[in-house]
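Enquirer: Per Swiss-Prot, active site, proton donor/acceptor is recorded for Glu133. Residues or ranges marked as dCTP binding site in Swiss-Prot (evidence: sequence analysis): Lys107, Ser108, Thr109, Tyr110, Ala111, Arg112, Thr131, Leu132, Glu133, Gln152, Tyr166, Gln176.
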Amino acid sequence: MAILSDKWIREAAQTRGMIEPFEEAQRRDGCISYGLSSFGYDARVAPEFKIFTNVNSAVVDPKDFDGDSLVDRETEVCIIPPNSFALARTVEYFRIPEDVLVICLGKSTYARCGIIVNVTPLEPGWEGHVTLEFSNTTPLPAKIYANEGACQFLFLQGNERPEVTYADRAGKYMGQRGVTLPRL
């Protein structure tokens, strides 16, 4: 597998709609950076958040997820309580080529503040908004800034198309829009 450069990412975004909307240059004036980088793309977090709460004394069960465990917020600044968690999504909609796997890494600006971003790989043939998981590992409230950088995606090209892509198997998160909760 080879990591793909800014030139390849730009061409795929502009001619195949791989990333929409697409920021052709890295933006970083007075904000957490986002846009095209040398070997990746820094995506933005949309102003749509689901913050975990314990007001209903629910148990988090990935096989039977209860949406009542979350509070919906549309805001430019999301405050995650201490040692808590929030779901969000990217501003960008991704369409992953059939011979590419995408890995996501957190932004160092957030990591240095104890805020961890987790995203599973974007599989060949998948498309949708990416649901982002933010963990506040600190004993203090933490801010997430909407419409600014949240994570970096690295694009890896395989030596051939896999036998079965995410689209071929009709994966359960195919075409997701908005913040998407766990599905079984």
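Using the three backbone atoms N, Cα and C, a Cβ is placed for every residue, glycine included.
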Enquirer: Looking only at Thr109, Thr131, the binding-site residues on record, which one has the least crowded Cβ, with the fewest other Cβ atoms within 10 Å?
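Expert: Across Thr109, Thr131, these binding-site residues, the one with fewest Cβ atoms within 10 Å is Thr109.
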Enquirer: Which residues of the same chain, at least 6 positions away in sequence, have a Cβ lying under 8 Å from the Cβ of Ala111 (dCTP binding site)?
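Expert: Set apart from Ala111 (dCTP binding site) by at least 6 residues yet with Cβ under 8 Å, there are none.
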Enquirer: My understanding is the cutoff is Cβ-Cβ under 8 Å with a sequence separation of 6 or more in the same chain; which residues meet that for Glu133 (active site, proton donor/acceptor)?
Expert: Phe85, Ala86, Leu87, Val117, Asn118, Val119
Enquirer: Sorted by position, what residues of the same chain at least six away from Tyr166 (dCTP binding site) have a C-beta under 8 A from it?
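Expert: Tyr166 (dCTP binding site) has long-range Cβ partners Ile96, Glu123, Pro124, Gly125, Trp126, Met174.
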